[in-house]
C-alpha cells in the first residue's frame with residue numbers, strides 16, 4: 001500500500017483542472033440530456049393546434065431542468081463575485097505551523113476568492129452599505145482550506161445562537177419585503193440596541209468601510225482567533241488579515257446610492273474588468289501571532305469575535321502574497337456553486353473555543369446541504385480539492401463518481417485495509433492541537449471576559465480622521481431618521497452614549513431627541529492604526545477611470561499626452577462626447593459621475609457649459625443628451641470628492657459649476673500638462689476638505 005493517495009490523475013493548475021469539465025458547444029448538434037441528437041425545437045402535439053403530449057420526453061427534460069436551474073440563494077452573502085488566483089508563500093513557516101501550503105519559500109497554491117455583501121438578495125445592488133464577505137479557498141496539496149471572513153475584522157454577535165436573530169432583524173420586513181439590503185429600519189436598530197455587542201461592527205459598517213470603492217480596495221479578515229500548530233504539537237493563537245496592495249478606498253454615501261441605481265453591478269464589473277485587462281488585484285496574507293497563555297493579557301478576551309487586537313500591540317507578520325489572475329468561465333458553475341465552510345481545515349491549523357466560530361462549524365455545512373439538496377456538493381468541480389479523495393462516502397443525490405471498493409468502511413480486510421488512516425501510513429493527517437482541553441460545569445452564560453462591548457467601538461471612532469467620523473455620524477443620522485419607534489431611537493442613544501457622549505449628542509440633534517447625560521465608564525482617548533480608509537494614499541491606481549469631457553470634434557491637443565501619462569499608471573481615460581465616433585468612448589446620454597474616479601474638462605468645450613448656449617441653465621441646445629448633463633457630471637463629481645481638472649477654455653466650466661480653486665481642482669492652460677498633479681490627487685482618492693464637519 002505504501003500510504004499513497006491514489007485516484008484518477010488530478011491536474012495541479014486551475015486551468016487544467018477545470019478544463020476537464022468545460023463543455024464546448026461549437027460546431028456540434030443539439031442533443032438530449034443523455035446524448036441523443038434532437039431534430040427540432042418544437043413540442044410534440046396532437047395536431048398542429050392540439051395539446052402537447054406527455055410523451056414528449058425532449059420537452060419534459062428541457063423544461064424540468066429549467067425549473068430547477070436556480071438553487072436556493074445563500075441565506076446571507078447572496079450577492080457576490082469571485083475569481084481564481086495564486087497564493088505564494090514568502091518563506092518556510094514550519095516553525096509556527098505544519099500547514100503544507102506555508103511550508104516552503106515560493107510555494108504556490110491555487111485559490112478562489114468570493115467577495116459579497118451580507119444582507120441583500122442576489123438582486124440587490126453591489127454598493128449597498130454593508131459588511132462585505134471575503135471568503136478565500138486555498139486548494140492546498142493536503143486538501144481544501146477555507147478562511148470564511150469579511151472586510152471588517154469583528155462581527156455583530158459573540159455567540160452563534162444569536163445569528164438567526166441578527167439576520168432576521170436586518171432582513172426586510174416580512175410583511176412588505178422592505179427595505180432591501182438596508183438596515184435603516186426599526187428591527188435592525190432594535191436588535192443593535194438590545195445586543196450592544198453589535199456596536200463595534202456597526203461602527204465599522206457606518207464608516208467608509210461599509211461602502212467600499214471596489215472589492216480590490218478593501219482588506220479581508222478571518223474575524224476569529226485560530227490556532228497554528230506545528231508538527232510537534234506546539235501552538236500559537238493567530239488572527240488572519242489580507243491587506244490590499246491596491247490601497248483602501250471607499251465611496252461617499254450619496255455616491256453609493258446613485259451608483260446603485262446607475263450600475264447595480266458596479267463592484268463585480270470592476271473586478272471582472274480589472275482581471276480581463278491583466279491588472280491583477282493583490283493582497284498580502286499575514287497573521288497576528290500570540291501566545292496561548294496571553295488570551296486575556298490585552299484587557300479583553302481573544303476568543304471574543306467582537307474585538308480586534310490593535311496592531312500596535314501585535315504587528316501583522318506577512319506570510320505570502322495572493323494574486324487574482326483568472327475570471328470564472330461560468331458564474332453559476334464557479335462563483336455561485338462554490339461552498340465555503342470554516343470546517344474546511346488542514347493539518348497545522350486548528351480552531352479555538354470562540355463560541356461564534358464553534359457554531360459556524362455546524363451552520364455552514366448544514367446550509368450547503370439545504371442549498372444543494374444532498375451531500376455531494378463537494379464533488380462539484382469548483383469544490384473539489386486538487387488532491388485525490390478517499391472517504392468511504394456512498395450514493396446520495398448528485399453522486400458524480402463510480403466507487404469500485406466494495407468495502408466502504410474502515411478498517412477492513414476485504415480491500416487490504418484501504419483506505420487506511422493517514423497516521424498508520426504517511427503520518428500527515430489532520431490532528432487537533434494536543435494542548436486543547438475542556439473542563440468546567442455546563443453553563444448557558446456569556447463569559448465575564450466578553451462583557452465590555454463599548455471600549456473598542458470608541459477605539460475605532462477615535463482612530464478615524466475627522467471627516468470619516470463625520471461620515472459615520474451622518475450614516476447613523478440617516479439610518480435612525482428612518483426609524484418609527486421612539487423607544488428604539490432612545491435605546492440607540494443610550495448605547496451610543498456609552499461609547500461617546502459627543503456621538504450621542506450629534507445623532508440626537510438630528511432626530512429631535514435629547515441625548516442622555518454623559519456616562520464616562522468606557523470613555524478613553526486610545527487610538528489604533530489600520531482602521532481608517534483615507535489615512536493613507538492609494539498604493540496603486542490600477543483600473544481607476546478618469547472622464548475627459550469634450551465636444552468630440554478633435555480640437556483638444558492635450559488628450560494624447562494625458563492618455564499616455566495616465567496609461568503609465570494603469571489609469572483609463574474615458575473620452576465623453578455628444579456622439580459616438582472613433583476615439584469617443586461614452587456619450588453624454590450615458591455618462592454619469594458615479595462611473596468615474598476623476599473628471600477633466602477638455603479644451604474647446606466652453607459652449608457645453610455656457611448659459612448663453614443653454615447648457616448651464618438646464619435648457620439643452622442638443623436633444624442627444626439630457627439638459628445640463630455635462631455640467632451635472634462635473635458638479636456631481638466634485639460633490640462626491642473626486643479630483644476635477646480642466647484644460648484650456650475648459651476652465652470656464654468651473655465658473656458655471658460654481659467650483660473655485662482648491663484641493664483637488666487642477667487647472668491648466670491650453671497645451672499644459674496637468675497629469676502629474678491630477679494623478680497625485682487620484683492617490684488621495686477623495687478630497688476630504690470638500691466635506692463639511694459639524695460646527
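Heads up, the Cβ atoms here are built off N, Cα and C, so glycines get one too.
Please treat TrEMBL annotations as automatic predictions, because they have not gone through curation.
Computed from a predicted structure; not experimentally measured.
Annotated in TrEMBL:
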type	residues	note
DOMAIN	31-418	domain 'Catalase core'
ACT_SITE	77	active site
ACT_SITE	150	active site
BINDING	364	heme binding site
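Cβ neighbour count for residue 77 (active site) (all protein chains, 10 Å cutoff from its Cβ): 22. A straight line from the CA of residue 150 (active site) to the CA of residue 77 (active site) spans 10 Å. Figure note: comparing Cβ neighbours within 10 Å for the recorded positions 150, 364, the maximum is reached by 150. Cα of residue 77 (active site) to Cα of residue 364 (heme binding site): a distance of 12 Å.
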